[in-house]
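Asks: Pulled the feature table from Swiss-Prot, pasting it below:
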{"type": "BINDING", "residues": "ASP30, ASP78, GLU150, ASP152", "note": "Mg(2+) 1 binding site"}
{"type": "BINDING", "residues": "ASP171, ASP173, ASP227", "note": "Mg(2+) 2 binding site"}
{"type": "COMPBIAS", "residues": "474-498", "note": "compositional bias 'Polar residues'"}
{"type": "COMPBIAS", "residues": "500-518", "note": "compositional bias 'Acidic residues'"}
{"type": "COMPBIAS", "residues": "535-550", "note": "compositional bias 'Acidic residues'"}
{"type": "COMPBIAS", "residues": "558-571", "note": "compositional bias 'Low complexity'"}
{"type": "COMPBIAS", "residues": "667-678", "note": "compositional bias 'Basic and acidic residues'"}
{"type": "MOD_RES", "residues": "SER372", "note": "phosphoserine"}
{"type": "REGION", "residues": "1-96", "note": "region 'N-domain'"}
{"type": "REGION", "residues": "114-247", "note": "region 'I-domain'"}
{"type": "REGION", "residues": "465-571", "note": "region 'Disordered'"}
{"type": "REGION", "residues": "660-685", "note": "region 'Disordered'"}
Amino acid sequence: MGIQGLLPQLKPIQNPVSLRRYEGEVLAIDGYAWLHRAACSCAYELAMGKPTDKYLQFFIKRFSLLKTFKVEPYLVFDGDAIPVKKSTESKRRDKRKENKAIAERLWACGEKKNAMDYFQKCVDITPEMAKCIICYCKLNGIRYIVAPFEADSQMVYLEQKNIVQGIISEDSDLLVFGCRRLITKLNDYGECLEICRDNFIKLPKKFPLGSLTNEEIITMVCLSGCDYTNGIPKVGLITAMKLVRRFNTIERIILSIQREGKLMIPDTYINEYEAAVLAFQFQRVFCPIRKKIVSLNEIPLYLKDTESKRKRLYACIGFVIHRETQKKQIVHFDDDIDHHLHLKIAQGDLNPYDFHQPLANREHKLQLASKSNIEFGKTNTTNSEAKVKPIESFFQKMTKLDHNPKVANNIHSLRQAEDKLTMAIKRRKLSNANVVQETLKDTRSKFFNKPSMTVVENFKEKGDSIQDFKEDTNSQSLEEPVSESQLSTQIPSSFITTNLEDDDNLSEEVSEVVSDIEEDRKNSEGKTIGNEIYNTDDDGDGDTSEDYSETAESRVPTSSTTSFPGSSQRSISGCTKVLQKFRYSSSFSGVNANRQPLFPRHVNQKSRGMVYVNQNRDDDCDDNDGKNQITQRPSLRKSLIGARSQRIVIDMKSVDERKSFNSSPILHEESKKRDIETTKSSQARPAVRSISLLSQFVYKGK
């Protein structure tokens with residue numbers, strides 16, 4: 001699209017400007033250039049024929065940008081393809097089909113990212129998409145026009161007539177058509193590049209475009225290649241510039257190339273060149289002022305002298321609609337052109353490719369196609385009058401059965417049997433209303449062993465009224481025992497069900513055990529020895545490991561019989577001595593002031609073994625000779641007995657003597673003798689079972 005390499009050569013005269021420079025002016029906009037740019041955001045939807053409005057949103061955003069800078073847009077859309085550009089259009093069409101096939105294949109394989117690149121290359125901008133933008137322009141009062149052929153020549157014509165003051169486009173062909181001010185590279189911030197034709201003289205000597213005439217510029221472009229001709233192979237803009245400046249005309253340039261023999265000139269190049277020159281200079285456009293088809297520039301008379309020249313000229317600049325034939329063809333005279341139809345095409349009412357069809361909005365067309373997929377068939381014209389069916393014919397009717405005596409007799413007998421059955425049911429329900437109804441309900445479950453029977457009696461048998469029935473039931477509830485099934489099955493949490501029978505004997509045994517524990521505790525307190533080991537409870541109870549089993553047995557809850565009101569035979573066994581463990585000691589029963597309760601041990605609290613060390617210091621080391629200093633240290637491991645602990649008293653005198661044996665060998669021997677004497681004098685006592693790490697200490701007797 002455009003002339004390859006032309007804009008980079010014009011970089012020295014590209015002026016970065018803002019749209020504020022064109023405040024209050026009208027700028028022509030290449031609509032298809034914006035559509036190509038907007039199609040990148042919805043390439044998949046456009047290629048697959050799905051509805052989308054993303055390209056319309058692009059235009060709306062650009063219109064708001066121009067409105068911000070107080071610039072009035074004038075949209076120009078492409079029309080029908082010009083005959084000179086048919087070869088280029090066919091190549092582009094084939095390329096789009098190839099890219100679409102590649103995109104669909106990649107999309108099916110899961111390569112969606114690569115497929116999107118090919119979808120963007122295969123998008124075809126259609127007049128239906130332009131119609132969507134035209135509808136928006138009509139609603140918002142934005143000026144637009146559909147060119148009969150190329151939008152480039154149409155925009156240049158608007159600029160020549162001073163209808164617009166500049167052209168916004170990405171196509172460099174506009175400079176060849178004669179554009180005076182081209183605005184390119186417009187971004188979302190209103191920043192763009194301006195190229196003015198008046199600045200061509202400022203270009204460097206390497207590319208002196210300002211020294212060439214308009215015809216020579218067209219020749220240079222045709223040599224390097226453009227949309228209308230492929231040019232000569234291996235000839236670029238700089239080479240073409242040199243050839244034009246040296247030989248001026250195309251005939252002399254071709255002769256020089258043929259003479260040198262370095263370049264190959266295609267056979268069709270001369271015809272392509274002549275058609276391109278005519279299309280660049282005299283292409284047909286639509287004049288919005290006169291509302292008729294005109295040429296871009298005035299056609300000179302020498303091009304219309306002969307019939308062959310006229311044919312050649314009008315075939316290159318575009319076919320128009322003939323007034324009489326209503327077909328697009330070569331028309332020599334302006335009076336034979338149907339300007340009214342071209343006006344409708346310019347307004348966007350008719351399709352530029354097929355002016356017999358109205359131009360439809362793409363999105364509306366797809367929405368209608370998706371909502372109604374009805375195939376209309378041709379009506380049958382053979383019948384003169386169509387049969388009109390009444391509305392009842394569309395509903396299903398019930399057909400009447402023919403009278404058959406056998407079927408009638410069978411139906412009559414069935415009805416009689418049904419009537420007899422219903423009458424029997426009614427009699428059974430209504431008769432014997434005052435008879436006692438007994439319903440047996442088996443209430444056997446996993447909680448009860450005996451099945452029970454509930455009797456349902458009629459109210460009238462027990463009394464004449466409901467009040468009499470209430471009085472009878474209240475009196476019976478006090479006299480008659482309640483059945484076992486009607487008793488409450490919930491037992492209070494304070495009662496613990498047991499199967500013990502001899503409650504009195506058990507309570508006596510518990511009291512005896514408790515009194516024995518109290519006596520053992522007193523005896524253990526009276527026989528306290530400073531250097532012995534004895535087991536005590538955390539609360540001060542001096543029971544042994546053998547007594548622990550007895551106390552455990554004493555904690556077994558006792559049972560007693562309790563009866564609920566209204567139950568005569570039902571008895572619930574429970575523990576009436578739950579608080580037996582909180583009773584006072586029997587040894588202090590005579591004295592009320594000195595009675596001490598036996599505190600129970602908490603279930604979740606576990607005591608740790610404590611070590612009490614009795615250390616006798618030497619006379620030389622401390623003034624407090626003979627005084628006992630007791631230190632308390634927690635043991636490292638717990639006792640095997642659940643909530644019990646051990647108290648260990650150790651004579652540390654031997655330990656202190658062992659520490660000083662390293663001072664001299666004499667003291668070492670004395671300490672050994674002293675240890676031997678102490679071990680002989682001490683009496684061995686078996687230690688209580690313990691897993692404490694302090695069990696390695698030697699226990700000493702008195």
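Any Cβ shown, glycine's included, is placed from N, Cα and C.
I would like each feature placed in context: is it buried or exposed, what are its neighbours, and how far apart are things?
Replies: Under DSSP, ASP78 (Mg(2+) 1 binding site) is assigned to coil, being neither helix nor strand in the three-state scheme.
In the three-state DSSP classification, ASP171 (Mg(2+) 2 binding site) falls within coil.
Broken down by DSSP into helix, strand and coil, the region 'I-domain' (114-247) contains 68 helix, 17 strand, 49 coil.
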Asks: Within 10 Å of ASP173 (Mg(2+) 2 binding site) by C-alpha distance: pick out those among the binding-site residues ASP30, ASP78, GLU150, ASP152, and say none if nothing qualifies.
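Replies: If one measures from the Cα of ASP173 (Mg(2+) 2 binding site), the binding-site residues that come within 10 Å are ASP152.
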Asks: Counting other Cβ atoms within 10 Å of each residue's Cβ, which of the binding-site residues GLU150, ASP227 comes out lowest?
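Replies: Result for the binding-site residues GLU150, ASP227: minimum number of other Cβ atoms within 10 Å at ASP227.
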Asks: State which of the following binding-site residues has the fewest other Cβ atoms within 10 Å around its Cβ: ASP152, ASP171.
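Replies: Comparing Cβ neighbours within 10 Å for the binding-site residues ASP152, ASP171, ASP171 has the fewest.
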Asks: To see if you understand the setup: which same-chain residues, six or more apart in sequence, place their Cβ under 8 Å from that of ASP78 (Mg(2+) 1 binding site)?
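Replies: Expected: GLY31, TYR32, ALA130, VAL146, ALA147, PHE149, GLU150, ALA151, PRO352.
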Asks: Count the residues of the region 'N-domain' (1-96) that DSSP assigns to helix (H, G, I), to strand (E, B) and to coil, and report the three numbers in that order.
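Replies: Going by DSSP assignments, the region 'N-domain' (1-96) contains 57 helix, 15 strand, 24 coil.
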